[in-house]
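Since the structure comes first, as structure tokens, the remarks are kept for the end.
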């Protein structure tokens, strides 16, 4: 049967008869589908619907396929729903139709209907479509069911299309292991299947697997095509595998693919660029027969990514010259190159090109423009471009913030960040990093802490860039515990973070902690970079850890870095600071910097003569001094008091025209100030053309150092009148001057000015100085008030406050402050430990002192000289003399300070013999004995009446010229008075320029002990006539003298005198002395009455004094009462029992003897109880 007229082009649709048979209509439908004739398809659909033939099985099913081909999904669905009998083809075609129209969920629902209708045979196209629909809708359950169905039907093995598509789908979903598993099950693998797997691997960053697949293709006889080669070139670039890339290049040339494929050419260029072979990339480009914008972009972006901005921009100019029109990728790369070299002119030209092409509103181009202008410092231009962008994503916001941070406009960086927040744009890793840097530069700790909280909320604290910025922020703020906490969240040690932390410890003066941190890093097998090693070398120099420094030196030699100028200079500095000057001089590659390190090291070690010798020697070796050389040499002159040498160097500076250098001027001024040559210092100051705040501050500081506080305040006023605004350092110096000259009113005015300027909130050091000023003057409440208002309470401010409390005897409060400091996780510094140990020693807080000692040992700083000396002092003051001696013996160097601490401890606890032994050891070890050690020794001689030894020490004192020292003079009086050499005591007394209460009292005690009460009274009245107010010890000496001579009336008279003095309250010793006076005179009843009326609680000594008097007088009743009071205070005191037994023994008769035995029995019971 012939088909009715069915031409390829229809004049009219009505030429088709409506009465055609099913077969004829089917033929028409097939031809219409072949030609994709939409009008005819719609006409046929209408005809079939009118005639009711659309529900006929054969026609209906075929009509569905036709309507789907002409993209009439809705009509196809209507026909499908009318069909009485649907075949598998209809189900599969409609499922595929839904997927192709982006209706993945409807495709899956239709598949579920198909299963319920009893159809389960998917064709390969519908199966693949359903799998991809499941991926898009994240329907893993249906995906698994379809996969099982595909496997059941054996579609993967029979149909390479299905297998390849599944491999591609799973690989793109980052399920590369499953993609490989499916690939391995494929019955036949063609280049498409291999490419699906290879593309998946390269898209998931698995470069090595790509090259492995390429190697496996050859044995299977499958030749790589363009896709395979492009992916393989990408893998070589990612891995930096240049040799394999060159092999692929040869293969590409052999196959003639370089001329025929743009993608191969651009991929080859990209591969060479990523492998660092830029010249080869350029050579490939030049040999290409034809090139397009994609290849130009590959070369331009390659140069830009390799920071070869000039070459990138040259290529861009050449590209335009050859008539190629730049696209978005071109502009982004070239703007990046302009940013790299700060080429504003070229950047603005590219901006004009972008405007001409109407591309300025592209988010990527807009972001690149903002970044270029911001990094080049044209921040106003950056803001203008930024404001015009229709869409501002996180990248653009971050580019603007980064520009402000880069150019130190941190306030605007924080402003933009706040605006970004208000626009509900979520910051990214780079954004947080930039804003943390801004907080760092601004010193805005509160904002930085708030940012850290936000970072934690967003779960970004483990991001490397963020964590580095946080560690840097906390380290620079001195919050090292917080920096450690950030670092500790990592399973590995980040070298950058560690270097930052080491520098933080060093800047806080915690070099020992820096070294400990370095050793922990080494234990974790981390490889520190050269920057870290240099930082640690500096810490070694600061702590004298030469052994650690030598290990690092060896490591640097192995790495071939010893000759690096920066490294060699740091090595020389480390050896110099450790006192190993011979090693410092051996360092090769000497530069003026290493000479400077050597000279500065010698100065730091007090070898100033040698430093000046080096200064002279380096000129002979052809090194000319720079500003630093002169500065260190001037410091050496300053330390030596070498005025002439300093003036010679000054003359050389004038000849070289360096005198006006600000640092040199400061050093000269400082040197002359320390020589007390204030006229010369002022001359240097006056000759400076620009009198900066630094120079003014140096002059003021020089006055303070020489004790000219008033003059310092004068220059400060002069500076303000000159219109020079004071800095933090200036205010710190002036506040010190106020404290020195007790100009508290002036200090208060300066503080008001500081507060008005808001400087106290911004400067931690200034706040600490204010606290120090108040503390030194004893205004502890004010000091604490200022301290509590400081925005950040760091180690220094806590230490100043604690020291103030300790110096003014408020040791318990000092200990409380120390505990608060620890609770606040602020790390104590060396001076903190020194002050708090002093507090423990003064109040005998041994337990706390031992806890602090343990903390010091954990920090590894117990050998530090200041701490070691203070530990000796603390244990000595607490009476643990054996422990004090053990610590003393373990000190690396036993200075006069440590010897003095030990001597004072022995003296305080009555170990006079040990005191004198210490003095002898000091003499043997040629340690210079200071006034305090000599005073301790004199006291020891007085305590044991060692007059001859005392005279020897006196002779040494005279030779040292210390006999004019007031404390020494008083102790000599005390020594001679106690030894009964009253003529010598009086001679020393007369030589004193002014006698104080101590010297008068020492002489009075001497006469009292000699029983010369008349002399005592005479001296006392002379003392009053001289206007010297007696103290408690003076009155006690007088009462003792009168007691021993039985002058009761005079004794009572002087006691009443004591009571009548305003503010003076007699203590227990005074009452005990009066009780003794009355008892000795036989006035027992008066003595008992006095005891009962005493305002203070009578101690054991008082009752024993009365008990002793009762025995002499045979007063049994009063003696028994005194005994009962005594044993009530201390039932184990044997003296009370012995005294009462003696009273009974003196009584006649058996009754007395029995009572003696009774007391003896009580004593025996007491002894057994004690045992």
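Backbone N, Cα and C atoms are what each Cβ position is placed from, and that goes for glycine too.
Sequence-distant contacts of the repeat 'PPR' (87-121) (same chain, at least 6 residues past either end, Cβ-Cβ under 8 Å): 57, 60-61, 64-65, 68, 71, 73, 76-77, 80, 129-130, 132-134, 136-137, 139, 142, 146, 149, 153. Sequence annotations record features per position, and here TrEMBL assigns repeat 'PPR' to 87-121 (among others).
Residues annotated as repeat 'PPR' in TrEMBL: 190-224 (among others). Remote same-chain residues near the repeat 'PPR' (190-224) are listed as 160-161, 163-165, 167-168, 170-172, 174, 176, 179-180, 183, 231-232, 234-236, 238-239, 241, 244, 251 (criterion: CB distance under 8 Å, separation of at least six residues from the stretch ends).
Among the features that TrEMBL reports, repeat 'PPR' is placed at 292-326 (among others). Same-chain residues lying 6 or more positions outside the repeat 'PPR' (292-326) and placing a CB less than 8 Å from one of its CB atoms are 262-263, 265-267, 269-270, 272-274, 276, 278, 281-282, 285, 332-334, 336-338, 340-341, 343, 346, 353.
Within the chain carrying the repeat 'PPR' (393-427), a Cβ under 8 angstroms from the stretch's Cβ atoms is held by residues 363, 366-367, 370-371, 373-375, 377, 379, 382-383, 386, 434-435, 437-439, 441-442, 444, 447, 454, 458, all 6 or more beyond its ends. What TrEMBL records for 393-427 (among others) is repeat 'PPR'.
Residues or ranges marked as repeat 'PPR' in TrEMBL: 591-625 (among others).
Feature annotation from TrEMBL assigns repeat 'PPR' to 692-726 (among others). Sequence-distant contacts of the repeat 'PPR' (692-726), counting only residues of its own chain at least 6 positions beyond either end whose CB sits under 8 Å from a CB of the stretch, comprise 662, 665-666, 669-670, 672-674, 676, 678, 681-682, 685, 733-734, 736-738, 740-741, 743, 746.
Residue counts for the repeat 'PPR' (794-828) by DSSP state, with H, G and I taken as helix and E and B as strand, are 26 helix, 0 strand, 9 coil. If you look up TrEMBL, you'll see 794-828 (among others) marked as repeat 'PPR'.
Secondary structure of the repeat 'PPR' (895-929) per DSSP, as helix, strand and coil residue counts: 26 helix, 0 strand, 9 coil. Taken from TrEMBL, the feature repeat 'PPR' applies to 895-929 (among others).
Here the repeat 'PPR' (996-1030) is broken down by DSSP into helix, strand and coil counts: 26 helix, 0 strand, 9 coil. The annotation repeat 'PPR' is assigned in TrEMBL to 996-1030 (among others).
Distant neighbours of the repeat 'PPR' (996-1030): 966, 969-970, 973-974, 976-978, 980, 982, 985-986, 989, 1037-1038, 1040-1042, 1044-1045, 1047, 1050; these residues of the same chain sit at least 6 beyond its ends, with a Cβ under 8 Å from one of its Cβ atoms.
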